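Quick notes on the structure that follows.
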Number of protein chains: 2
Amino acid sequence: MLYFIGLGLGDVKDITVKGLEIVRQCSRVYLEAYTSILTVGKEALEEYYGHELLLILKGADVSDVAFLVVGDPFGATTHSDLVLRALNSGIQYRVIHNASIMNTVGCCGSQLYNFGETVSIVFWTDTWRPESFYDQIKKNRDMGLHTLCLLDTSAHLKIYEPPRYMTVAQAAEQLLEILQNRRDRDTVCVGLARIGAEDQTIRSGTLQELASCDLGGPLHSMIISGHLHPLEVDMLKLFSGPEGLKTLKMTDSSNYVS
Amino acid sequence: MLYFIGLGLGDVKDITVKGLEIVRQCSRVYLEAYTSILTVGKEALEEYYGHELLLILKGADVSDVAFLVVGDPFGATTHSDLVLRALNSGIQYRVIHNASIMNTVGCCGSQLYNFGETVSIVFWTDTWRPESFYDQIKKNRDMGLHTLCLLDTSAHLKIYEPPRYMTVAQAAEQLLEILQNRRDRDTVCVGLARIGAEDQTIRSGTLQELASCDLGGPLHSMIISGHLHPLEVDMLKLFSGPEGLKTLKMTDSSNYVS
């Protein structure tokens, strides 16, 4: 049996009881560390699970094998390819679900029902400055929907450079450059850092405000709000600085629905 | 401290290790059983957690109190109102996240990034037959996006009647009535039942096929596909019956992108 086990987003104890029991009984345990990162290292996981973790997937065999995925196994990147290859080899699989950024983003009070398509924001280079994510955000905005922006985690400007994680401030700056003088510079945005971890940080405000905020270490993501329900506004005020509070009261009326 | 603790979707062991530790140390533990249901009863939870569960929220006090929510605490219904009332009374809160239908729906291989706005399908009565959810589905379809349809769980035709849970077959029937002779009757749909539980069941096919399938007990939900990536098609084939397989090969080309 090949088990896909979600680890959640925080630390070692965010694995489910079911997931932990399976990990401890498996003969081999693999860790997928590509698409997301926990706020604790591989060593902390190994100590807590009582298992060495193998970083490279070598294929499943006849014994029980666990494949650990930060967040939910099908949350950020689907592991469909691995599922299909396993089944083709006669290996059964089972998924142990957990929280991922796709649902925990609701912790800032923004209604998950009101999100449109998720977009990815990539690091610009001197020669490559794609703006397509803005068109997707605008489409959602035009329908009154919020947009979850997943921020670049994989850019390597040079080979052998360590991975870089885009911050909310960097994403806000890129969006401001695209927007220039348009009026939706006042849109209510939310920066989210290390959701699920002890030191998770949420900050709401305009792009301008988020461009100058420091939310600390990775992973960061961002919401561009659509139509806001009064209760959503009340929640977002919890996460705004003194200026942000003002902004949330004064922002253009298209953000509000009574 | 008021803890919001996600229970995940399956059985008692889908709580996280962190969540279980907190539940066992809290002085009072409340269970929210409105928006979703676990596949095990309240008694099984009480036995596993070693705690009596109170079904009615009476407000938080000075000791540690846990509020248990099936899925993720902010997954289906935001508990923003409770958060705001707690903070107004000087009570701190903390969220322990978990999987919810909003992210586990990826288990059928449909890319979470490619979902548009989520819709709710309600039971029709003789005099009330809203079709607004179809317009939302169509908007998503026109942009090539999938739609997660949450099915009615709260309809009471008469006072004192037990809650009823809409099945995939019932939802498919209502959609077919709306569609009548339109061509998107061939759209690839996915019925999902009891996701996260041992006996979870997934079935892909046309609305016609889903209208006659029996996926067993609640909760059910449904995906109306938008543009399908070949890998998504391969995954959905895993969940189709003999007829469904044919349908997935022969369906109109707008469902596929190369």
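FYI, residue positions are counted from 1 along the chain as it appears here.
Glycine residues also receive a Cβ, built from the backbone N, Cα and C atoms like all the rest.
A TrEMBL annotation is a machine prediction, not a hand-curated record.
The domain 'Tetrapyrrole methylase' annotation in TrEMBL covers B:1-211. Residues or ranges marked as S-adenosyl-L-methionine binding site in TrEMBL: B:Leu9, B:Asp72, B:Gly75, B:Ser100, B:Ile101, B:Leu151, B:His220.
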- [ ] For chain A, give the subset of the binding-site residues B:Leu9, B:Asp72, B:Ser100, B:Leu151 whose C-beta is less than 8 angstroms from one of that chain's C-beta atoms, in sequence order, otherwise 'none'.
- [x] B:Leu9, B:Asp72, B:Ser100
- [ ] Take the Cβ of B:His220 (S-adenosyl-L-methionine binding site) and count every other Cβ within 10 Å, whichever protein chain it belongs to.
- [x] 25
Open item on the list: Taking 10 A as the limit, how many CB atoms besides its own sit near the CB of B:Leu151 (S-adenosyl-L-methionine binding site)?
Closed with: 22
Task: Secondary-structure category, per DSSP, in which B:Leu9 (S-adenosyl-L-methionine binding site) falls - done: coil
